[in-house]
Each structure stands twice: as C-alpha cells, then as structure tokens.
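S.K.: Pulled these features from Swiss-Prot for this protein:
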TRANSMEM  37-57  transmembrane segment
BINDING   Tyr42, His108, Arg111, His211, Ser221  heme b 1 binding site
BINDING   Cys43, Arg216, Ile220  heme c binding site
BINDING   Arg91, His94, His196  heme b 2 binding site
TRANSMEM  96-116  transmembrane segment
TRANSMEM  126-146  transmembrane segment
TRANSMEM  195-215  transmembrane segment
Amino acid sequence: MLNKLYDWVDERLDITPLWRDIADHEVPEHVNPAHHFSAFVYCFGGLTFFVTVIQILSGMFLTMYYVPDIKNAWESVYYLQNEVAFGQIVRGMHHWGASLVIVMMFLHTLRVFFQGAYKKPREMNWIVGVLIFMVMMGLGFTGYLLPWDMKALFATKVGLQIAEAVPLIGPAIKTLLAGDPEIVGAQTLARFFAIHVFFLPAALLGLMAAHFLMIRRQGISGPL
C-alpha cells in the first residue's frame, strides 16, 4: 500500500533523487569517529541540532497548556507541571534542554574557532553561526520570564536594564521588549511570549537552513 503510494508520488514529483542524494552522502573520513577517535568533536554541531529539535517539539507541547497572561501564566505552568500527564517530564526536557543547547553550541563554536574552520571560504557560514548563537541566547532570555515567578521577574528586570545600557538605542530596545519601559507587566509577558514562540523561532529556522545549505555546498572543513 505504502509502496504504491510512494511510486504514485515519485512518478509525478521524482522525489527519489532528492532523498537519495541525502541518504547516499558519504561522511568524510576525518569526521568519522569510527576511523578517528578525535573526530567526536565534529558531533557537537549535530548534537546542537538534535537538542534544538527536542526544544521545538517540547515547546509545541508546552504551548498547548501555557497561558501568556499575568493572572494565569504561573497557574498554567503549575497545572502543566502537576496535573498534565508527562507534563513534568516534557517541561523538564525543555528546561534542561535550554541549557544543554547553549553548551553544545558553545563547544561547536570552540571547535570551529580552534580548527580555523571559519576561514575562507567559510566566512559567511561563520557569520550565520554567530547569528544562530545570538538567536539561541535570545530564546533563553525570553523564555525565562514565561513561568512568571519572582525569580523570572527579577532576572528579566536585570536583563532589560542591561539592554537599556546599550549606547544610543538602549532605551528603544528596552521599550520594544518591555512595552512599558517603567513596568515589567502584562505587555512584557505578551511580547516575550510572541518573541519566544514566533519571531525568534522563525529567524532560527531560516538561519539554520542557510547554515546547512552552506555546509552542504562547501563540505565539512578539516583542521586548518
């Protein structure tokens, strides 16, 4: 049944060459841990992507229960944590995954830097990678406020004060993030939720697509 469906689609769209090109792509010998033990350092990028996928899937589950409102945000998180089946596990995955993805990305960045993989002709991919790092940090910052507890509230106030200290555009950045520059309240929570769930993930997906396309085009760099 599935084979017939696949053949029907393949006859019209010729999809076999597309997935065969990916499936048959050979892993370079210098990045294969089976041949070189030190090649495990090349796994940090893939591990970063793997944890990112977990973050996306667990985040989609969390949005089914989370209420981005100052009166209900904490209660919705409490309900998710204590009443929803597997809610505590999924939230724990998202919580710890947020830290793990930064660690993996940091290790990946160190590998690229110390092996000189950012040099010509891969300068553009390095820039895209740095932008991905910044987006990930933004996701961590905006997500921290969403439980709407005291720790998150005061941490966000500190973060907004840091943003305000940016020369020239600092006050505008703070107003953009917080809504009301004087109060961390309903507008701040709503904006952080929108940025965390819509704006930054959209930017992340676009940057990751560009990152992977350039890797595919240029190949994986060896030590330089």
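Along the chain as shown, the residues are counted starting at 1.
Every residue, even glycine, has its Cβ placed from backbone N, Cα and C.
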S.K.: Taking 8 Å from the centroid of the Cβ atoms of Arg91, His94, His196 as the cut-off, which other residues in that chain fall inside it around the heme b 2 site?
M.R.: Gln55, Ser58, Gly59, Leu62, Tyr66, His95, Ala98, Gly143, Leu146
S.K.: Would you kindly give the Cα-Cα distance separating Cys43 (heme c binding site) and His211 (heme b 1 binding site), rounded to the nearest Å?
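M.R.: It is 15 Å, counting Cα to Cα.
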S.K.: Would you mind reading off the Cα separation of Ser221 (heme b 1 binding site) from His196 (heme b 2 binding site), to the nearest angstrom?
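M.R.: Given the Cα positions, Ser221 (heme b 1 binding site) is 33 Å from His196 (heme b 2 binding site).
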S.K.: If you measure every Cα to Cα pair among Tyr42, His108, Arg111, His211, Ser221, the residues listed for heme b 1, what is the largest value in Å?
M.R.: 16
S.K.: Across all the protein chains here, work out how many other Cβ atoms are within 10 Å of the Cβ of Ile220 (heme c binding site).
M.R.: 14
S.K.: For the heme b 1 site (Tyr42, His108, Arg111, His211, Ser221), what does the 8 A shell look like? I mean other same-chain residues with CB within 8 A of the CB centroid.
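M.R.: Other same-chain residues near the heme b 1 site: Phe44, Gly45, Val112, Ala117, Ile220.
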S.K.: Under 8 Å between C-beta atoms and at least six residues away from its ends: which parts of the chain pack against the transmembrane segment (96-116)?
M.R.: 41-42, 44-45, 47-48, 51-52, 54-55, 58, 126, 129, 132-133, 136-137, 139-140, 143, 221-224
S.K.: Near Tyr42 (heme b 1 binding site), which residues of its chain come within a Cβ-Cβ distance under 8 Å, counting only those 6 or more away in sequence?
M.R.: Val31, Arg111, Ile220
S.K.: Which one of the binding-site residues (His94, Arg216) has its C-beta surrounded by the most other C-beta atoms within 10 angstroms?
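M.R.: Counting every other Cβ within 10 Å of each candidate, the maximum falls on His94.
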